[in-house]
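The structure under discussion appears below in the form of structure tokens.
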């Protein structure tokens, strides 16, 4: 009995032992398999590295950045310093060109005179072995399209804020554009040497007004006149800038009087970043010490994901804080392969395609800016994928034309450097390629277009004409060139008044173009107020019965037309209809087209104010002809006179263009803006809240919208913006109709 129980115990033990050891065998086997897997993986990685092309490291070492901000925040001055420290230029010149040279990036005479940037200038430089392509952009709201174009092709941006002015109206607009194009950004608080500089106030404004999730990565050592250097909160070192132009950067220990502030600000930086980065949050919650490398990696992840905005400080004019900002661009802004760019596949009804952004794919490049250079049209290209070489054939997807690349250059403001090829992620320019801004180029293997840039509609128009008749050729050449360069600048001809109408983003925008016509093409232009395109229509049916008879020796003229005119029903697709209901051969059928032509001609000019007549149907019911005297001309004249005779009996009215105006203004200005719209006879149809802004939608007659951009800016301290698009033509009130008829009569009498 005892023996059998002992046997049982032993056998159960053996069984459990074998069970316990079995997983070990499996584990050893698995580990062996894992080893072979690892070996295979490392071989694959090696093969990948061997394959991993020349471009991988080159792409990681490229940054495409823009510098944008409110007017006079110091964008161009900052770019000038960046170029100096990276060795692209060998001396520093100031904006406004007091020394007669002017900043490198403001290459137009007009820019140097007025001290403002009008065109985006492109340049590139190298810093610590990285290539940085920089686009310096304008801050004036009238040149918004320049900012839009620049941001469309950038991977990252620096938002410059003034330490005294803080977050200003255009900073808000530029930030909104950066959001639209999903551009990761750094903020740089400039002008710390000025009286009243307060970077912490500006940082709080950026958080409240721009809704930035941001924190400072530096603390200034002294402010205003005592501004000496900066403390880096990531590396925990102090930087001082020496030398004639601040080119010698020395590191030192943190000053004792700042230690407490630095510790507090570093903790704040870690807290803010850990809110949006899980890896850092884990270390922070476990109270682990956070090394500079960990913090830098976390800031980079959060910035590239557009969840965090690192804030740098300095004074570009006093040459302090620019080199650490350049390090920040390399450390925290993405390289071209880290940004998602989408193309639209034209073969698959504009399906969205994510571009990998590697040089090994098919060529996809976007023309984002055109300039008329000394050697013909210069086209700026951002290459999203593939490689472009001098002498290659490329295809413009928008027009289908095949073009050879005659010359490839890299731009440095208005100077250029010839190159043989360029790969994805780079910004280059080509010569002699005829295209429009926003066109996409490929090598022909794919039909992709990059999403079109949103071009705001022009909001202001002026009538222009050359003072002397001889300069007409140069005048039209100038207008054609400006139209190609700038999509917001439109040129049209008013058929009724014969005036050339230019339209743009505001008064300054159009003034600059009139000034450029004078300077660059030596043509003086007269500027006047344009005519609004009114229309006329009828409100009731009226009969006509007209006989045109003329006998003057030889063949005479004879034609009789009978019928009626009536208004077309609302919403009809055509503006003019002609119906022939003549039975039999009262009017021979070969004269009917001449009658229709006569009525169409007559409707080009109504009798109230001489504008075209719309929404009419003319029905021909009867008539008479003569075997000898009837002709096409006779019937055409009969139709014209018949129309004029019955027009007043049809109770004509004047129609004016009504615009749909969408305003976005800070809520505090809502009252004055809506009051002004009512004064302009506008009807408010929508009112919404969007964060701190109010969005108002109104229908306003175009005739009452002249000078509105200036009025809105003065009402909202420059913070309001509006878009205006044509909605419909609607009937004017009786008093306005009488005013227009009297004004038309007075003009006719004067002529």
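The first residue you see is number 1, and the count goes up from there.
The backbone N, Cα and C atoms fix where each Cβ goes, and this holds for glycine too.
Nobody curates TrEMBL annotations by hand; they come from automatic prediction.
As given in TrEMBL:
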{"type": "BINDING", "residues": "69-76, 136-140, 190-193", "note": "GTP binding site"}
{"type": "DOMAIN", "residues": "60-337", "note": "domain 'Tr-type G'"}
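Within 10 Å of the Cβ of residue 75 (GTP binding site) there are 28 other Cβ atoms, across all protein chains. In the structure as shown, the Cβ atom of residue 69 (GTP binding site) sits within 10 Å of 27 other Cβ atoms. Its Cβ taken as reference, residue 192 (GTP binding site) is surrounded by 25 other Cβ atoms within 10 Å in the chains shown. For the domain 'Tr-type G' (60-337), the model's average pLDDT works out to 79.
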